[in-house]
Structures are given as C-alpha cells and as structure tokens.
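**Student:** Just lifted these from TrEMBL, have a look:
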BINDING   205, 324, 328  Mg(2+) binding site
REGION    20-43  region 'Disordered'
C-alpha cells in the first residue's frame, strides 16, 4: 500500500514515499538523480557505479555500488536487476505473468483451490502473517478487499473520470472478508489458499522492503563491500561508504509539504550507519481531494478510511522488510501508540511529521540527525 523524491548528493539520498507500496499502474515520474562527480573513493581499488531500474514494484529503483571494476559491477547489476524483476512478478497482486503463479494467482483462486507457489512468495506471506500478530495487528495482508476498493476510487479520481469516496456500508461489507485467518498456509506443499472467495491479498506494505532486504543480503554474501539501494521510499545500505571523509551514509527525509514549500526539500538529514534500512510512508503521493479533504492510499483498518494522524512516518532499523512493515503499522496508529510500539522493539527508531507539521522522533536518532529549519 504506500510510499518520493531521491537526490544523490555525494551519495546523499533524499527519501520519502514512492507512489504506493503496492502496485499502481502508472510509473511515477521520478527525477533523475543529481550526482556530485567530485565524490572520490577512499580507496583507489574501488570505483563507484550507478544504475536505475524502472517498472519494478511500480517505482524507480536506484542503486550505487562500489566495485573493483566495471565488469564486477555488471555482474552484481545483472543479479540485482534480475532479482527485482523476478520478485516483482512473484509479489504482484495486480498482474498475471506467463509461467508464474504469483500473489494475483492466489487472489484469482480465492475460495476455489490452494495455489502452489515459489518459496520466496510463500516465505513473504508467512512472515507477513506472523508479524501481523507480533506488531499490534495493524498491517494485515488480507486487507485487500478494502484497499482494492479504495484503489478503484483513487484511480478513477486521478484519471479525472469520477471523484467520490466509497460508502461506509460498502466498506463495512468488504471488511467482512479481511480476516487474517482466511489465509491457509501449507508449508510442506508450499501452497497458499484464501478460504473466503471474496478475500484478497495486498502485499503493498511488505513486498518492496522484503525484496530489497533479500537482494541486499544476497549481494553481501556474494562479496559486495559497499553500496546503497533505494527502492522508492526504501533505502538499504550495504557496508560503509567508500568515500573520502565519510564513515556513514547521509540520507534526507523528504519534506511532506514539498508542493507548498518547494525551497525546503527535506525536514531532516540522518547519518545512517552500515547495513541499515530507512523507510518512509506518507500521505503526499497518490492521493486525491474530495470535498476539500485529502484521500491517500494508507488505510486505517479501524476506520476503513485513510489514516489521518501524520503526514509521514520514517522507520530506521537493520532489516528493510521490517522497516517497510512498521512504517505502515506506525502510520495508522496515533503517536502515543506508535511510540510505545517502536520503543518496545530493539534496534528500531522512528521519525514522525504530524498533521500540524510538528516533528517527533525517538531518542536513538538524536546523535545521527540534523533537523532542517
């Protein structure tokens, strides 16, 4: 469900939310990265190489890797590109692909039969179900019947076809089909079955971060020492930056009021240590306005309407999948509830921009963060 402007400044990134942490059809018009060519590697043995991917997870994916040769970079790059393509096809709930039984295949067979799936899809669904119960039962991948309805209305509004909102009665009816217990997992046979024919998976709050983490871990195993991947609102660092005078990655949090304040691109700059993830969810992409109210894509499971506590929430932690999951979870909770949850999880920090533009953040960010005035 969620999500960006990214600017590389000597490997500095500006991060916000991408079009959706789900799969919208339009590819976002992401600006090209601005690269400071004066950034020098701290070792003559390494060169910085960059690449950009489009059409994967319906966002723009950029990565910068430090390798000893262009040939070595091309080998890593082929793997990264192929894996993002493969996982995009597996995790998609909106497209069918030849020869691939994916999340949409599971939805298409709801109430009909179990679907045998690739281990990477099975593991993502299993992990998402486990974390639903572990973290306050707010991010529910069985919530698709409700989020799909909102997507229909949002797409019509953005295409200027019809601007309205779904009725409370229709939302309540759709919500009858969102029990996490509708998901039946058979690990031995690697099958997934939705018991309710009207139940639908929505992997938007988990898939991109999970895929980014999986790919980052694999290139680390293959020997990559330094790099950074930015998949929409998901940033994952690999090792330390090999840049003169830099011992941490510098990542900026996008100003959610950028349209109204074009001269203020970001609200804070963070110095991110090695092997860390930072994910932002916000209300400022993929929204429409109806009766002077903004309707965005992150739906509160309690109200069945877009969450209205914050303009953005950023999570910083080691694992990109967990950061992705928690950024949605915390976005739909009020500040007190979200702060309590974040404080209860070791190694997790958070940054909130409230609806009134007040800023809150956890204690662990104080020493690595600089606020923009």
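Note: Cβ is positioned from N, Cα and C throughout, glycine not excepted.
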**Student:** Counting only other Cβ atoms and using a 10 Å cut-off, which of the binding-site residues 324, 328 scores lowest?
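**Tutor:** It is 328 that, of the binding-site residues 324, 328, has the fewest other Cβ atoms within 10 Å.
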**Student:** What is the number of other Cβ atoms found within 10 Å of the Cβ of residue 205 (Mg(2+) binding site)?
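**Tutor:** Its Cβ has 30 other Cβ atoms within 10 Å.
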